[in-house]
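J.: One structure follows; several queries about it will come next.
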Amino acid sequence: MKTSQLIDQLSAEASTHPPKRPLSWPVALGLAVAVGAVLMFALFDVRADLPDVAMYYGFLLKPIVAALLAIPAIRLIMDVSEPTSEPTRHLPWLAVGFVVLAIGIALEMMIVSPANWSARLMGDNPAACAASVFLIALPILSMVIFAIRQRATVRPVMAGALAGLFGGAVSTFLYAAHCPDDSPFFLAIWYGIAILALIGTGALAGRLFLRW
Amino acid sequence: MTAPPSTPDLDGLFTAGLEGDRIAYQRFLDEVARTMRAFLRKKMAGGGTADVEDVVQDVLIAVHTKRHSWRPDKPVAAWLFAIARYKAIDHWRSQSRHSHLDIADFESVLSDNQSEPVILDHELERAVGALSGRSREVVSEISLKGQSISDTAKTLGMSEGAVRVAFHRGLSALNARFKDSEK
């Protein structure tokens with residue numbers, strides 16, 4: 001086809017079809033979190049001793065670190081979805097979550113005697129925990145990928161990886177209400193494995209679904 | 001007297017186009033095509049006109065389908081450039097993946113090879129070994145081990161400038177040596 005014909009076609013279409021309107025970020029992300037929450041509470045009970053542990057550092061660290069990863073991830077996802085923005089500008093904010101996690105680990109090392117470290121690390125059921133976090137995150141990840149796809153990222157793999165990170169962080173936040181293991185060691189390793197797997201899955205999904 | 005044709009106002013044409021002004025949008029796309037064509041002809045000096053026109057059309061379609069991704073607080077030109085760059089890289093990647101090889105390309109490569117003297121690896125290593133001191137270390141790091149200039153500077157504890165000078169000297173010496181052995 002000649003370029004001039006193409007231009008005629010495109011401008012004819014533009015005059016009859018207004019530009020698309022992607023789902024706004026608050027709606028898209030709100031829906032993503034809601035779907036994750038529904039899945040979480042449909043599959044798992046809230047732990048019975050939640051009121052007792054609510055002020056315990058080992059428990060608190062889970063939702064706090066999760067939120068400290070999820071919030072910068074939102075900003076990064078919004079940036080990476082625009083063709084003109086600099087997606088890496090706010091990347092350093094993710095470090096805050098890791099610093100808080102490191103403080104939690106240091107605290108645990110001071111409080112718990114080394115003989116008990118491996119028991120704390122392994123917890124009750126590490127494989128089930130990592131698998132659950134991964135599972136709850138999948139619909140969140142899909143929803144975020146969908147929202148990025150409606151926009152125009154010029155870094156599809158990075159965008160997908162960030163969607164995976166966000167899914168993992170939100171899922172960690174939610175699953176903390178069920179998970180009986182309250183050690184920062186456990187959080188770092190088993191939740192960490194799940195989140196890394198989600199980042200990888202997201203990157204792959206980005207490669208497959210976010211290119212245009 | 002008529003006024004000289006003014007440079008088209010991309011922002012104005014595009015925003016009018018978004019509101020459904022067909023003529024403005026058409027002029028906008030014409031302008032995009034013209035700019036892209038001029039730019040790509042320079043960049044893709046090896047590629048034919050058909051190749052350039054392919055990318056131009058890809059960019060036009062991308063600009064059109066993603067026209068909602070422009071934010072009013074950004075200049076249209078910056079947005080356009082980001083999309084054009086993405087599509088051009090995309091095109092270049094898919095080209096190198098399923099590169100259509102022409103027998104003519106092969107012929108030119110083959111004839112190039114014959115005109116150039118073949119230097120065997122062990123000859124090259126021996127020649128590098130015969131270089132003096134610093135040049136030998138630098139050339140073997142960069143040419144034989146494939147290190148970058150900055151890495152070489154770090155491993156040898158030299159400044160990057162010194163590495164460049166030593167590398168250049170070493171290459172000149174090698175060049176002279178192989179020219180001699182040809183005669």
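Using the three backbone atoms N, Cα and C, a Cβ is placed for every residue, glycine included.
Grabbed the feature section from TrEMBL, which reads as follows:
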- A:23-44: transmembrane segment (TRANSMEM)
- A:56-78: transmembrane segment (TRANSMEM)
- A:90-113: transmembrane segment (TRANSMEM)
- A:125-148: transmembrane segment (TRANSMEM)
- A:157-177: transmembrane segment (TRANSMEM)
- A:189-210: transmembrane segment (TRANSMEM)
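Describe the structural context of each listed feature in the structure shown, including burial, neighbouring residues and relevant distances.
T.: Residues of the same chain lying 6 or more positions beyond the ends of the transmembrane segment (A:23-44) and with a Cβ under 8 Å from any Cβ of it are 74, 78, 132, 135-137, 139-140, 143-144, 146-147, 150, 166-167, 170-171, 174-175, 177-178.
Within the chain, the transmembrane segment (A:90-113) has long-range Cβ neighbours (under 8 A, six or more residues past its boundaries) at 57-58, 61, 64-66, 68-69, 71-73, 75-76, 79, 120, 165, 169, 183-185, 187-188.
Below 8 angstroms of C-beta separation, residues 22-23, 25, 28-29, 31-33, 35-36, 39-40, 43-44, 77, 80-81, 159-160, 163-164, 166-168, 170-172, 174-175, 178-179, 181, 186, 189-191, 193-195, 197-198, 201-202, 205-206, 209-210 of the same chain, each at least six residues beyond the ends of the transmembrane segment (A:125-148), sit close to that stretch.
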J.: Which residues of the chain, 6 or more past the ends of the transmembrane segment (A:56-78), have a CB below 8 A from one of its CBs?
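T.: Answer is 25, 29, 87, 90-91, 93-94, 96-97, 100-101, 104, 107-108, 144, 148, 159, 162-163, 165-166, 168-170, 172-173, 176, 179, 182-184, 187, 191, 195.
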